[in-house]
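Structure record follows, encoded as structure tokens.
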Ligand code: DSN
């Protein structure tokens, strides 16, 4: 993390003060939101670079603006690193973020009104997998699968029967609150049976896939979409990986179908993140994220918490707080005061609303980047337990006390 540069303080003290306060906040708290992380100083330097000054509509060698002497090799480098890291035939590194990347899939493969099969949002899917309030649910015909009530896990027999009945053109697998390994081969068999394009949205687990801590979708899925800023630890951006046969349709969908010029500073930072993710130390990181999540889940189970699916295989844990008599939102707000950053989340079959649901979503990517290990996870579980109990009784003194203990631990683990 950089110190606020003096030109910013000189030009805009208000923004400089907010930046400095955010740096301090990110240092002090235990960040357990599973979709967040800390980028390296190198990624941050590339993000805040003069590549932001340049327009580059088009693709390398085919641009609508001159002056691409450095951007063309930059984008070629980033795409090549993405292909190499994930073993993909084609990579597009231009999508502005995960939702635009998924929209490009619709534009490439579907006409308005055609059918898409995705995981239901309250069950762990993403808005762009065909949820009602999303353009993907309004302009296409969404059909859905979920998880079983008894196991909290995806039931491929259900997915297959919906697919056979509804004949989707595209099937999405992956999601935002899926604590278990995704069976890409199982989804691929269903997609092949109904003649659908299989899209694996690995936004959450891309870093685990890159580091060998989750099976890769690349051998199975026609298309893989991902953000670059979650477990992959890059800048806020996205990529689409695909088989060569789909390259042209996807590239056209991204530009000129949906976007104008790519954000070249983001492309630079993606390239840096990809080279970092190709190092042996990143493999260690990915496996440590999973080991920490397993240890944190064990610590919560030992304290009597209900975890959706009974635990985790990856970086993410979904707590159902129903038996604790406190909503996810009240718990998340109390935890925030206690220096533990989480987000409230629906749980499968949640009787409450998405804005005040029963669940809490946590994960270990960011604290693992700070160097916390398995031994620290029981401390975190204990603090979460104390804060959730204090949320129920409105005990602010306990929350402030926990915040001090959290800050002391985090001070031993500097931000990269
Ligand atoms: N915002 C992402 C997440 O937190 O999982 C999903 O869009």
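Cβ atoms are placed via backbone N, Cα and C, with glycine included.
Features reported for this protein in TrEMBL:
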- 10-384: domain 'Serine hydroxymethyltransferase-like' (DOMAIN)
- 121, 125, 126, 127, 245, 353, 354, 355: (6S)-5,6,7,8-tetrahydrofolate binding site (BINDING)
- 229: site 'Plays an important role in substrate specificity' (SITE)
- 230: N6-(pyridoxal phosphate)lysine (MOD_RES)
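This view paints the features noted in TrEMBL onto the structure.
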residue : record                                                  : DSSP class
121     : (6S)-5,6,7,8-tetrahydrofolate binding site              : helix
126     : (6S)-5,6,7,8-tetrahydrofolate binding site              : coil
229     : site 'Plays an important role in substrate specificity' : coil
245     : (6S)-5,6,7,8-tetrahydrofolate binding site              : helix
353     : (6S)-5,6,7,8-tetrahydrofolate binding site              : strand
If one looks at the chain holding the residue listed as 'N6-(pyridoxal phosphate)lysine', which residues at least 6 apart in sequence have a CB under 8 angstroms from its CB?
34, 35, 36, 37, 203, 204, 206, 207, 365
Which residues of the same chain, at least 6 positions away in sequence, have a Cβ lying under 8 Å from the Cβ of residue 355 ((6S)-5,6,7,8-tetrahydrofolate binding site)?
329
Measure from the Cα of residue 229 (site 'Plays an important role in substrate specificity') to the Cα of every one of the binding-site residues 121, 245, 353, 354, then give the nearest.
121
When neighbour density is defined as the number of other C-beta atoms within 10 angstroms of a residue's C-beta, which of the binding-site residues 125, 354 has the lowest density?
354
Can you give the largest Cα to Cα distance in Å, as a whole number, for the residues 121, 125, 126, 127, 245, 353, 354, 355 that bind (6S)-5,6,7,8-tetrahydrofolate in the record?
42
Taking every residue in the domain 'Serine hydroxymethyltransferase-like' (10-384), what is their average pLDDT?
98
Counting only residues 6+ away in sequence within the same chain, which have a CB under 8 Å from the CB of residue 353 ((6S)-5,6,7,8-tetrahydrofolate binding site)?
none
